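Quick look at what Swiss-Prot annotates:
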REGION    1-235  region 'Pyrophosphorylase'
BINDING   9-12, 23, 76, 81-82, 146, 161, 176, 233, 338, 356, 371, 382  UDP-N-acetyl-alpha-D-glucosamine binding site
BINDING   109, 233  Mg(2+) binding site
REGION    236-256  region 'Linker'
REGION    257-460  region 'N-acetyltransferase'
ACT_SITE  368  active site, proton acceptor
BINDING   391, 392, 428  acetyl-CoA binding site
């Protein structure tokens with residue numbers, strides 16, 4: 001079936017979120033609601049993908065274009081309602097020529113809407129021959145949702161909104177998901193006859209189904225997975241849906257051979273990749289394009305963002321962002337790896353160590369209480385506790401090079417740019433301002449002064 005157009009409705013404010021930003025720009029498992037829905041719809045390859053905006057229109061439009069710069073942005077005018085949003089979209093789509101074929105319409109506040117469900121909906125619509133099809137689901141508590149009212153033959157009569165329903169209508173548990181498929185000709189007739197005769201004084205898209213029924217049959221397809229069409233109206237619903245989704249994600253990873261000790265406290269975003277026999281301890285957040293290899297151990301209480309963890313590495317109580325941790329390397333506890341680090345095989349970044357754009361050679365160790373930024377270390381080098389690479393001169397970031405088989409004493413300060421050759425040993429408390437040749441000893445003579453019988457001024 002050719003999908004002529006897909007219309008994503010993203011014009012609403014989402015007042016129940018109590019937020020300064022539009023509801024569709026809130027995030028779910030690492031992506032905005034809007035981009036997640038556009039992912040699902042875009043995979044259907046519609047001839048035109050349109051996004052309707054109104055509240056903070058420019059901000060929402062920019063987010064939509066960040067997904068696909070070819071997206072058609074439709075700005076809804078001051079007339080409220082989802083029906084009016086579709087009218088605006090159809091007017092703009094019509095400027096490209098007469099519409100034929102099939103039009104998909106979806107809300108943008110269903111972060112788990114998936115391409116598979118949409119394909120099944122389109123197939124059902126094609127096979128049924130109906131002029132319009134609504135995607136539905138059955139809820140234990142349908143409060144707040146539009147109810148699907150059917151006739152004796154099971155055909156859809158209408159959709160009744162919560163504020164407009166009587167007691168028998170509100171007792172219905174089958175609800176509208178705000179996803180529809182129309183034949184283009186049926187949709188054009190239906191939206192041309194909408195009115196605002198309802199409690200909200202808005203143009204409801206749901207009324208288009210009542211109008212459509214006058215010229216064609218209206219069918220309904222029940223989503224096989226209710227979670228995939230669950231909408232988010234407030235932060236309570238957001239947290240509930242996020243937890244349910246995350247537990248599913250954790251369960252699937254466990255079935256795939258990953259050990260997750262406590263799924264209740266482990267959060268894994270959708271684009272994370274892991275190999276079997278990886279171990280995730282409690283309290284971990286795995287985000288972005290993070291990859292974790294077999295036999296690596298992550299946690300407890302660790303955050304990985306776009307990080308790569310190679311086999312048999314161990315990352316404990318640390319935060320790692322845009323960095324690669326080599327095979328059998330040890331990170332933590334309480335290590336902060338900012339973007340751009342490469343930690344070599346069997347290397348270590350220990351307690352209270354911060355690194356940024358550091359390349360640590362195989363077998364090298366930065367055990368504790370150090371800052372290593374804009375620096376590279378060779379192999380089998382040991383950095384004493386309390387060492388700092390002073391990389392910033394107030395204007396530029398400068399580089400420090402420390403070679404292989406180097407032994408740096410405690411409390412060293414490297415004033416970049418500076419190069420230290422292979423096999424160097426430095427004394428404790430040294431300030432290294434100039435290059436040091438290989439196989440040398442370097443130390444700073446800081447004279448120690450002792451004042452006998454000293455008393456502070458207030459005791460004299």
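Each residue, glycine too, has its Cβ placed from N, Cα and C.
What Swiss-Prot annotates, mapped onto the structure for a quick look.
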residue	record	contacts (Cβ under 8 Å, 6+ apart)
9	UDP-N-acetyl-alpha-D-glucosamine binding site	52, 82, 85, 86, 105, 106, 107, 108, 178, 205
81	UDP-N-acetyl-alpha-D-glucosamine binding site	196, 200, 202, 203, 204, 205
109	Mg(2+) binding site	12, 14, 23, 24, 33, 231, 232, 233
338	UDP-N-acetyl-alpha-D-glucosamine binding site	321, 322, 323, 354, 355, 356, 357, 373
368	active site, proton acceptor	350, 351, 352, 353, 385
371	UDP-N-acetyl-alpha-D-glucosamine binding site	353, 354, 355, 387, 388, 389
391	acetyl-CoA binding site	373, 374, 375, 397, 398, 399, 400, 416
392	acetyl-CoA binding site	398
428	acetyl-CoA binding site	384, 409, 410, 411, 412, 443
Within the region 'Linker' (236-256), residues counted as helix, strand or coil by DSSP: 20 helix, 0 strand, 1 coil
Residues that sit under 8 angstroms from residue 176 (UDP-N-acetyl-alpha-D-glucosamine binding site) by C-beta distance, when 6+ apart in the chain: 134, 136, 145, 146, 147, 148, 159, 206
Pairwise Cα distance maximum in Å, acetyl-CoA-binding residues per record: 391, 392, 428: 23
Residues of the parent chain within Cβ reach of the region 'Linker' (236-256), under 8 Å, 6 or more residues beyond its termini: 17, 26, 28-29, 111-112, 227, 230, 263-264, 266-268, 270, 274, 276
Residue 23 (UDP-N-acetyl-alpha-D-glucosamine binding site) in three-state DSSP notation: helix
Residue 146 (UDP-N-acetyl-alpha-D-glucosamine binding site), number of other Cβ atoms within 10 Å: 25
List of residues, in chain order, with Cβ under 8 A from that of residue 11 (UDP-N-acetyl-alpha-D-glucosamine binding site) and at least 6 apart: 52, 53, 54, 55, 57, 76, 85
Per DSSP, three-state class assigned to residue 371 (UDP-N-acetyl-alpha-D-glucosamine binding site): strand
CB contacts for residue 233 (Mg(2+) binding site) [other CB atoms within 10 A, all chains]: 15
Other CB atoms, at most 10 A from the CB of residue 23 (UDP-N-acetyl-alpha-D-glucosamine binding site): 25
